[in-house]
Amino acid sequence: MNSTHHHGMYTSLHLWNRSSYGLHGNASESLGKGHPDGGCYEQLFVSPEVFVTLGVISLLENILVIVAIAKNKNLHSPMYFFICSLAVADMLVSVSNGSETIVITLLNSTDTDAQSFTVNIDNVIDSVICSSLLASICSLLSIAVDRYFTIFYALQYHNIMTVRRVGIIISCIWAACTVSGVLFIIYSDSSAVIICLISMFFTMLVLMASLYVHMFLMARLHIKRIAVLPGTGTIRQGTNMKGAITLTILIGVFVVCWAPFFLHLLFYISCPQNPYCVCFMSHFNLYLILIMCNAVIDPLIYALRSQELRKTFKEIICFYPLGGICELSSRY
């Protein structure tokens, strides 16, 4: 998917010159065709080391999230299980991008006989990236639905969202997204695939917006109703609203990091020859960096918004001989 040294997903989707594969110069030539002055039309170069570094950071951070949720029984709740699914998706997107950079860099030094093998490897990695993107969208939507149930069906929530049902939902999400991701790459010759991806992204945004408008408009009313009941209803609802706010932040970061990529696809479909659209598309590598940054930022959001998760992070880190870090973290 990284087009610094190859066209990645766009080779599969035929967004760049179909006859060229693997070199940054070819990408620039494809974009700059008909624009001899180059400039904005030249493909923005990003060092492969940047992709690899972000991939490694994302891998370590998201593994920490997954291990923390598995380790701490207090985090064995539907919301955190969905967060775990989101962490896996983020990790796969970022690591696949970094891995693809390494593979293509190595294969570019070989002769043309390895080109077909390069394409096959690239298609496999792109399938993983596409599947993980769909899983990210579905995981975010699942977290939103979970927050909706905690706020509006607080008394019946534990009967509705059981661990078994959550496991089935997550399994179905990944099974469906894996099949869809593979099919999207196999049939990527058709523009309908790109339109489908764009439609799914914007449909998700509309669903999220609708859910949140209803959720936050009615939240105060339900908090007042729960408050009159015996027990700690107010505290519970406050916690639920905190979870909803956390999800709002996650969705905001997701939109900021992924929107340029989908705008890129939209411009390719709607105005591939327009100078402004071509100029926007020439920054494709920057949009890939933003996507990888999403996978790096999400674990930081989890840590900042959840004291329990923060505490578990410290316990895991302190398990290793990192006394200096533990001593520093104990002050906060």
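Cβ atoms are placed via backbone N, Cα and C, with glycine included.
Of the listed residues C271, C293, C271 is the one Swiss-Prot pairs with C277, by disulfide bond. Membrane sidedness, as given by the topological domains in Swiss-Prot, is identical for Q43 and P272. Under the DSSP three-state reduction, C318 (S-palmitoyl cysteine) is assigned to helix. Distance from the CA of C277 (disulfide bond) to the CA of C318 (S-palmitoyl cysteine) is 50 Å. Tertiary neighbourhood of the transmembrane segment (166-186): same-chain residues 12, 78, 81-82, 85, 123, 126-135, 138-139, 142, 193, 196-197, selected by CB-CB distance under 8 Å and a gap of 6+ residues from either end.
At the 8 Å Cβ cutoff, the transmembrane segment (82-106) and the transmembrane segment (281-304) share at least 3 close pairs (sequence separation 6 or more) and count as touching. The list of residues near the transmembrane segment (124-145) in space but at least 6 beyond its ends in sequence, with Cβ under 8 angstroms from a Cβ of it, reads 1, 8-9, 12, 79, 82-83, 85-86, 88-90, 92-93, 96-97, 99-100, 103, 169-170, 173-174, 176-178, 180-182, 184-185, 197, 200-201, 204, 207-208, 211-212, 247, 250-251, 254, 258.
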